[in-house]
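Record features (Swiss-Prot):
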ACT_SITE  84  active site, nucleophile
ACT_SITE  185  active site
ACT_SITE  187  active site
DOMAIN    6-205  domain 'Glutamine amidotransferase type-1'
């Protein structure tokens, strides 16, 4: 029997740490949660969670050395999973409540308020897989979203799996080199979310 995948969850002060840790353990990962970058270096993959305001998450991440850790990690081609605001933090920048936020610049795109009459987008939604998706091809399940901001896209994309809320199509997930990220919460998406996390872990082993 092979050793479990060791996953480090970055604790920058604004994330669903308990839910993410529990879900990853359910699918067989060994999980370490830490706000010390040096404690996370000896893992097989990182998870960048995030809830609340993008600016607050970025400030917390920079303060604990996580921004430098993420960029170094991705530059080395090591696998990383962003969740919800953690997904948004991976893009170039964001604009939230008239505040411009410089993000990590790992993924191309800008986070903005979704052009929809009813916000937040909260509840279950289906996704349209990216043309070269390894994780979502053939997936019919719905995933749990709760957000008002996202990266709006038009048309099919090689790296972005999309979802639509009230006519606004946005990035629901990204698969970009070593980086995977989801706007939805896999850890709150029941069986579908656990299956997705299992597929992600299987890519690492």
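Backbone N, Cα and C atoms are what each Cβ position is placed from, and that goes for glycine too.
Residue 187 (active site) sits 11 Å from the residue listed as 'active site, nucleophile', taking the CA atoms of both as reference points. Residue pair residue 185 (active site) / the residue listed as 'active site, nucleophile' shows a Cα separation of 6 Å. Sorted by the number of other CB atoms within 10 A, the active-site residues 84, 185, 187 start with 185, the lowest.
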